[in-house]
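Data block below; observations after.
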Amino acid sequence: MADKISTCIIGSGNWATTIARNVGRNVAAMANTMEPKVYMYVYEEIVEGRKLTEIINTTHINVKYMPDFVLPENIVAVDDIVTAARDSDILIFAIPPTFVSSCCKTLLGKVKPTAHAVSLIKGFERGDDGQIILISQIIMRQLKVSCSVMVGCNLAHELANDNFAEGTVGCRDQKYYRVLRDIFKSETFRVVVTEDADCVEICSTLRNIIAFAAGCSDGMELNENTKAGIIRRGFLEMLQFVDVFYPGCRMGTFFEACGISDLVTSCYANRNRKLAEAFVKTGKPLCELEHILISGHEPLGPVTAELVHILLKKKGLVDKFPLFTTVYKICMGDLPLTRLVEALCQASEDIFHPQHTFQL
């Protein structure tokens, strides 16, 4: 590519800011091929009497979301999303899923037609027909550009502290295979690129259901064997869900960071796990706890469980996914918590497939 590749980051939360540190450092070191300045779209807020964009650009610290970490000086905060994105070749989306559609509508026709988006967003949306829509699909449909995904590490502060972590890029454009790996990675953040973008994204969302089940186990003070059983059963149901609804995905993708690593991490340190534990211990409704514990974030565990249940019910497969189904019914108040362990005890040792059954 003769022209230098320019990059922007849409979002300024803790995950966006963490990734901005890697991207800023990496593109500065790739001066021959990358434009060093990286715009970061920041939803403007007033912090201690000053604009957040002004604070970031003068102190290079996002005092609202990552106050203990310094951003590279080539990260430039702007409060206008079009200004951030219009001249960029790579558009990195790191915003809550509820804001994706509105951002894409604002940007439609105002970005390069050749631009390539990368979604760092975990979650599904529900289509008018009840089907699941991946966030990357929403971006592609609404913004009319191709879109890859990058998931796998959901603990931003650990990555920012240079603890070892892994991520997976599901890339939909071969031209950006190496570029995406090189702008996200660091000495302690290992990034693997695969073509299996759908599977990468689906795994990162389904794990929220399993993390919620793990949190219920913690809340009931069950033992580690039970929690391990939840993780194992959840992993199997992830495999069969993808096999049924997204045939053609690669088995190896489940063993990348987006699969087993993200699943295990989520079951021990995830807002859905935390929400479920509080749900059990306090007896308060989920809607009340959401505002207290995860203010500003959608509780993806209960939401994903509902979307998945709708699909399973349409296909007549509810009984084939006992853990996913039990989590959904617990969230709805249709089953007591004790049914979680019963679901594990009574689960079939077969994996359902639309054509045949694989014996484990």
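Here the Cβ of each residue, glycine as well, is placed from N, Cα and C on the backbone.
TrEMBL does not curate its annotations; it predicts them automatically.
Summarising the annotation, TrEMBL assigns domain 'Glycerol-3-phosphate dehydrogenase NAD-dependent N-terminal' to 8-175. In the predicted model, the domain 'Glycerol-3-phosphate dehydrogenase NAD-dependent N-terminal' (8-175) shows an average pLDDT of 94.
The NAD(+) binding site annotation in TrEMBL covers F99, A156, R271. The number of other Cβ atoms within 10 Å of the Cβ belonging to F99 (NAD(+) binding site), over all protein chains shown, comes to 14.
Within 10 Å of the Cβ of N272 (substrate binding site) there are 27 other Cβ atoms, across all protein chains. The substrate binding site feature in TrEMBL is assigned to K122, R271, N272.
Residues annotated as domain 'Glycerol-3-phosphate dehydrogenase NAD-dependent C-terminal' in TrEMBL: 196-341.
Of the listed binding-site residues, namely K122, R271, the sparsest CB environment within 10 A is found at R271.
All protein chains included, A156 (NAD(+) binding site) registers 19 other Cβ atoms within 10 Å of its own Cβ.
K122 (substrate binding site) and A156 (NAD(+) binding site) have their C-alpha atoms 14 Å apart, to the nearest angstrom.
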